[in-house]
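Per TrEMBL, domain 'GP-PDE' is recorded for 227-481. Among the features that TrEMBL reports, transmembrane segment is placed at 41-65, 85-113, 125-143, 163-183, 192-212, 493-514.
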Amino acid sequence: MADPPGCCYSCATCLLCLYSCQWFTTKKEKRKGLRTTKCDCSWFLFLFCVFLFTMVWLYFTIIILNDFHNFNEFIFKQRKLWLDWSLVLLVATAMLITYSAVLLVLALCLQLCGQPLKLHWLHKTLLILTALVVAAAFTGLGIKWAEEWRSAHISLQATGPFLHIGIVGGMTLLAWPLASFIYHTRNTGLKVFLLLVYCAVMIALYLSPLGITSPCIMEENQLPPKPALAGHRGAPMLAPENTLMSLHKAVDCDVQVFETDVMVSADGVPFLMHDEELTRTTNVQAVFPERAALNSTAFNWTDLQQLDAGSWFLERRPFPTVQSLSAGDRYQVTKQRIPSLEQALEAAKQSNISIMFDLRPENHSDYQSFVNATLEVIFQSGIPLQQILWLPDGFREQVKQQAPGIQQVYGRKRLQNEKEPLLHVNLPYQDMSSEEIRQYRQDNISVNLYVVNQPWLFSVLWCSGVSSVTTNACQLLKEMKHPIWLLPSSTYLMIWIVVDCASFLAILWAFLLLK
């Protein structure tokens with residue numbers, strides 16, 4: 001097979017060597033007998049599918065980064081090992097997608113140079129392994145982290161218009177090697193099949209914007225107010241979670257609510273702690289090694305005050321932002337202790353922010369006494385009751401009777417025959433659609449969604465009209481003055497028409513030029 005004009009012998013040989021591991025370096029005639037067979041075409045199609053498969057996994061990887069801190073905490077609870085597994089995931093995904101992308105580019109270049117597509121058996125084996133690894137990753141995601149499928153659906157509202165442009169562009173570029181292959185192959189049936197498949201895919205892509213919906217396709221004057229921020233355990237990217245330093249950092253980020261978790265010590269003192277065990281966020285293993293595995297509520301307040309609740313933050317670096325802390329902040333981190341609810345309420349009162357909390361563990365045999373101890377501290381603190389957002393469902397009616405001024409926040413959607421209308425709901429961001437958020441807003445129901453860390457997700461919820469979000473990244477969302485993108489429907493329609501027309505003309509040019 002002759003080398004096409006513009007494709008030098010050395011370049012063609014180099015491409016063939018990398019793709020086929022056929023090291024022909026002397027005579028061009030040595031590869032004249034090589035032809036692209038149906039089997040070779042099948043392997044190229046498999047390569048293309050593996051590349052698309054890894055691209056989809058890369059997209060999922062980027063989406064689930066919003067929730068990956070939860071996965072890190074889950075692994076720590078199971079294995080007592082702290083590692084930022086998101087870095088491992090990103091590196092592994094980058095390796096897989098780079099490998100399949102390089103092979104695909106080599107194959108396309110070989111086709112443009114008129115060279116045979118003889119994929120080496122080692123590449124075939126590695127491609128099969130790549131497909132199996134990605135399939136296993138998707139399977140694990142579906143079994144252990146099924147809610148991330150709903151996150152992916154939400155993400156399409158933020159990325160749909162841009163994915164359409166990118167995929168149309170990629171398929172348009174594919175027209176060049178496709179045209180070259182069609183003009184060089186002698187198999188008429190294969191020509192017709194490839195043309196029909198390509199045309200069907202392109203028509204589907206050209207019409208796909210009809211099915212793309214996004215709350216951010218709206219006029220500027222229709223944009224709802226920016227959602228208020230609730231600091232998830234304070235500002236956990238800037239200070240150790242559930243500490244007074246974290247609360248103050250959250251105040252500096254202009255949060256309106258400090259979201260936390262409350263437990264009650266063995267001697268009846270409510271304190272801030274998320275985990276049932278103290279091992280992740282304190283040095284309990286060093287101070288009380290024989291009691292480290294006990295529930296947090298098994299410790300009295302005197303024992304809890306002996307624990308360092310800050311140094312772990314510098315040692316484990318739960319977020320990349322820890323590296324940028326100033327020397328003063330690092331010193332302050334090492335001085336953090338487990339705060340009591342009384343201390344947190346006093347800080348919230350002085351900062352004029354609300355405090356929203358869960359009371360854990362709800363299955364404890366003394367839970368009613370936990371509720372009573374918590375209410376007593378609230379009354380004694382003197383904080384205005386409207387600044388208290390009560391999340392626990394246990395003994396909620398008792399709380400309503402004893403403290404009617406406390407704002408009741410429900411972790412569920414409203415029911416059809418609700419006797420008492422809900423005023424505040426607190427739900428995972430995956431549990432409410434844009435339509436439901438708009439409906440709740442029209443009915444004057446405050447909707448808080450958690451945990452929202454990525455700007456793309458915050459933008460979608462902002463456009464949807466959510467009242468507030470709970471976030472780990474208050475310092476990042478604070479700086480957002482506008483959603484990442486906002487397009488009037490007329491502008492989006494114009495972009496759609498221009499992109500599709502440009503793509504059609506480019507494809508037509510490719511087939512005419514290579515004829």
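Yeah, the Cβs are placed from backbone N, Cα and C, and that goes for glycine too.
Remember, TrEMBL labels are computer predictions, not curated facts.
Counted as Cβ pairs under 8 Å, contacts with the transmembrane segment (163-183) are highest for 493-514 among 41-65, 85-113, 192-212, 493-514. Using a Cβ-Cβ cut-off under 8 Å and counting only residues 6 or more beyond its ends in the same chain, the transmembrane segment (192-212) has close neighbours at 156, 160-161, 164, 167-168, 171, 174-175, 178, 181-182, 492, 496, 500, 503-504, 507. Counting only same-chain residues 6+ beyond the ends of the transmembrane segment (125-143), those with a CB under 8 A from a CB of the stretch are 46-47, 49-50, 53-54, 57, 60, 64, 96, 99-100, 103, 149.
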